[in-house]
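Annotated transmembrane segment per Swiss-Prot: 24-44, 73-93, 95-115, 134-154, 169-189, 197-217, 233-253, 261-281, 286-306, 335-355, in sequence order, evidence recorded as sequence analysis.
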Amino acid sequence: MLYHLLYPLAADYKLFNVFKYLTFRSIYAMITALLLAFIVGPWVVRKLEALQARQVIRTDGPESHLKKQGTPTMGGVLILVCIVVPTLLWADLKNVFIWLTLLIIVGYGVLGFVDDYKKVVEKNPKGLSPRQKMFWQVLLAAGVGIFLFYLPGFSTELYLPFFKRVHPELGILFIPFVTLVIVGASNAVNLTDGLDGLAIGPVAINAGTYLLFCYIAGNARLSGYLQIPYVPGAGELAVLCGAMVGAGLGFLWYNSYPAEVFMGDVGSLSLGGALGTLAVLTKQEILLVIVGGVFVVEALSVIFQVGSYKYRGKRIFRMAPIHHHFELKGVAEPKIIVRFWIITIILALVAISTLKMR
């Protein structure tokens, strides 16, 4: 919005020329999101408490979690506001990639909100059924995949970080692949969101990493030099990534241990979906497995646990997702959280290093 209102004035006032720079708008989208979280956050927490939108703690989990009983949840509403508003303010709203990503963020956010509302406000412990959630997740993600498949000039090849000359053509399989990436990322972040700040920290780091890749992918000269796919228009997504980083840090202010508020499904589903969409739009889907390694391991721990118990009658971990396994082994919650952040930072550096690996 500000881009469209103020950049045209650059012809008369050179000051407004800064609005053409992605770096400027990305930084200020981040700052706007952060300030918005600081200003609106306390009101959101109070409102959630007034609605009695309180987290229900599982009795079969670690005993230390029982003290979290009654902590407000659905704080992901704050995250969504802090992403959407700065993006609308600072991004080029003529860019179709911005609207595709916002579609997933808002769509998955609404889905998570309905699920949370049924659980914590209507006191329906089941919320939406897994089948209902999966249906809407797949529908939205497949819609993005179909749109991109028919979008003129958008490549349906698969690019590999370490093998830049190898990029197989997916053809029609591109649509289910996109669906898998977006839905998988969404649910992986959802499974990770089990400790104070455990999910939002890595999400912010992932968003910061993709900010860099979005900027490079949208720049013909840089992408050509670094031999990564050039995606015209992808650079504008750096503004949205900046808003995600700011929103993540702003929410962490309230979600850090001991948490004043939890994000709920409204936050985790939408953030994971956003990361998956960014990976698809920048043609860096495999990179998400690296930088989002914590989310991948959390999801795989659940898959292996369920599979092992179903077919062998034995559990691999004391409890899944794996962060609960470490809790039951006696590792303090803050230590688990910080260690997972450290791992994510290392993985982000590895992901960035692939820019120079051929």
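For all residues, glycine too, the Cβ spot is worked out from N, Cα and C.
Residues 161-162, 195-198, 201-202, 205-206, 208-209, 212, 216, 226, 228, 257, 287, 290-294, 323, 326-327 of the same chain lie 6+ residues outside the transmembrane segment (335-355) yet bring a C-beta within less than 8 angstroms of a C-beta in it. Between the transmembrane segment (261-281) and the stretches 24-44, 73-93, 95-115, 197-217, 233-253, it is 95-115 that has the most C-beta pairs under 8 angstroms. Away from its own ends, the transmembrane segment (169-189) comes close to residues 104, 108, 134, 137-138, 140-142, 144-146, 148-149, 156-158, 199, 203, 268-273, 275-277, 279-280, 285, 288, 292, 295-296, 298-299 of its chain (Cβ-Cβ under 8 Å, at least six residues beyond either end). The transmembrane segment (95-115) and the transmembrane segment (286-306) are not in contact, since fewer than 3 Cβ pairs between them lie under 8 Å (pairs 6 or more apart in sequence). Long-range contacts of the transmembrane segment (286-306) within the same chain: residues 158-161, 181, 184-185, 187-189, 191-192, 202, 205-206, 209-210, 213, 272, 275-276, 279, 315-317, 320-323, 325, 340, 343-344, 347-348, 350-351, 354, each at least 6 residues beyond the stretch ends and with a Cβ under 8 Å from a Cβ of the stretch.
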